[in-house]
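Asker: Below, the features straight out of TrEMBL:
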- 1-187: region 'Phosphopantothenoylcysteine decarboxylase' (REGION)
- 6-174: domain 'Flavoprotein' (DOMAIN)
- 185-395: domain 'DNA/pantothenate metabolism flavoprotein C-terminal' (DOMAIN)
- 188-399: region 'Phosphopantothenate--cysteine ligase' (REGION)
- ASP286, LYS296, PHE329, LYS344, LYS348: CTP binding site (BINDING)
Amino acid sequence: MLSKHKILIGITGGIALYKACEVIRLLKKEGAQVKAVLSTGAEEFARPLLFSALTGEKTYTNSDFFSAGSMPHIELANWAEAILILPATASFLSKLRCGQASELLLALLLATRAPVYLFPSMNTVMLEHPATQENLKVLRSYGYLIYEPAEGELACGEIGKGRLPEPLEILEVIKAHFKPKDFFGKKVLITGGPTREYIDEVRFITNASSGKTAYLLVKEAYFRGAEVFLLWGHKEFPYELPKLNYFSDIPYPKIITTLTTQEMFDQARAIFPEVDIGIFAGAPCDFKPKSSHTGKLKKREPLTLELELTPDIAKGLSKIKDKQITIGFALEEREKLLTYALSKKAEKDFNLLIANPLETAGADTSDYLILGPVFQEEFKNLSKEKLATLVFDLIGRLS
Ligand SMILES: Cc1cc2nc3c(=O)[nH]c(=O)nc-3n(C[C@H](O)[C@H](O)[C@H](O)COP(=O)(O)O)c2cc1C
């Protein structure tokens, strides 16, 4: 995902710098080139060798600032495509706010044209101090991208705001950074997860869909700047999405839980006329008990359930389809994949239909058959994350 991107990590003297090690490891795994620069405070906590071993590159310290015959602050400032300061200490933020260039990391930040993300991390009282808050406000006005610290247990033992976010969340911020914002201004409706059809107040029929594809589609749309509405069949949304509130115009996805197929349909009908793109990646139950019992059924004798059809969401919406581009999914037996995919695409008036074989349900990678208006293409062993990118690339070509 981050293949060959040049990312510079500036590490300052906060206790959370141990998390920078994991961030570097994750970035390297994604194919990025990473260089680390330590502030003078960070040098008190860790030796450069640790970061050199993780990056596979020389780690810079302040002793490199005045080395003869080179200007590392300019070279590094020009090398980086993006710079992350993690953790960013209170002391470092105050020096940066004043435009100090008294050490290598500060000087290179003053000299760079690359976007700079600051991840403040400190004790809650230090964070809430008017001086720190004022520094953050001024730094934001200078164009620094400031990521809100997380809440939770802090290294000092207190509980409050000031934690460095977890490495996986930081990785998502970088992934979002390198995505084109080509869906900015577009509204996207996505359905995801299985619905439930209740037999009584505690028992229900459902299916094994995890909703992971829908989550990855939501993430892709959000990272590419779209306003996203997710109709989510599960009770809770178990995934974390970073808050891109430093891009003030990209709204955080609206996640609406809809337990039954009828609820999902009603919500979809209300939102669909407002959107540009509808993606039906949910797994709504196709059948529901004809009658649902109040309370809990007693276990006395065998129970026969009579099932009836639930509304077909995509088909129902195809009747009110106007300007929208619609994308459907089909999980079918491998031998019948093409036949079913063709008929489903036509029946539901989809612009794109993504079909995958039954035996890959729940797996992280799958073979996919994608049918477009004038093309039909097979993809072997594609990860769900790559599929999400491909879907939006294809939508981009349609619109
Ligand atoms: C054990 C220890 C942990 C520290 N953790 C933090 C921290 O999490 N955040 C912070 O802003 N300062 C923290 N400090 C204070 C900084 O290390 C100190 O202000 C230092 O001068 C910062 O150097 P820098 O400006 O190069 O970042 C800590 C200090 C110690 C001794």
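In case you wondered, yes, glycine gets a Cβ from its N, Cα and C as well.
TrEMBL entries are annotated by machine, without manual review.
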Asker: Measuring CB to CB from LYS344 (CTP binding site), give everything in the same chain under 8 Å that is also at least six residues away in sequence.
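Answerer: LYS344 (CTP binding site) has long-range Cβ partners GLY328, ALA330, PHE350, LEU353, ALA355.
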Asker: Give the sequence-ordered list of residues that share a chain with PHE329 (CTP binding site), lie 6 or more positions from it, and have CB atoms under 8 Å from its CB.
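Answerer: Once residues fewer than 6 apart are set aside, PHE329 (CTP binding site) is near THR213, PHE280, ALA281, LEU353, ILE354, ALA355, ASN356.
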Asker: Cβ distance under 8 Å to LYS348 (CTP binding site), same chain, sequence separation 6 or more: which residues?
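Answerer: Long-range Cβ contacts: PHE280, ASP312, ALA314, LYS315, SER318, THR326, GLY328.
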Asker: Using a 10 Å radius around each Cβ and all protein chains in view, which of these binding-site residues has the most neighbours: ASP286, LYS296?
Answerer: ASP286
Asker: Tell me, what is the mean pLDDT of the region 'Phosphopantothenate--cysteine ligase' (188-399)?
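Answerer: Summing pLDDT over the region 'Phosphopantothenate--cysteine ligase' (188-399) and dividing by its length gives 92.
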Asker: Helix, strand or coil: which one is LYS344 (CTP binding site) in, per DSSP?
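Answerer: Helix, per DSSP.
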Asker: Which whole number of Å gives the largest C-alpha distance between any two of ASP286, LYS296, PHE329, LYS344, LYS348, the residues noted as binding CTP?
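Answerer: Greatest Cα-Cα span of the listed binding residues: 38 Å.
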Asker: Tell me whether PHE329 (CTP binding site) sits in a helix, a strand or coil according to DSSP.
Answerer: strand
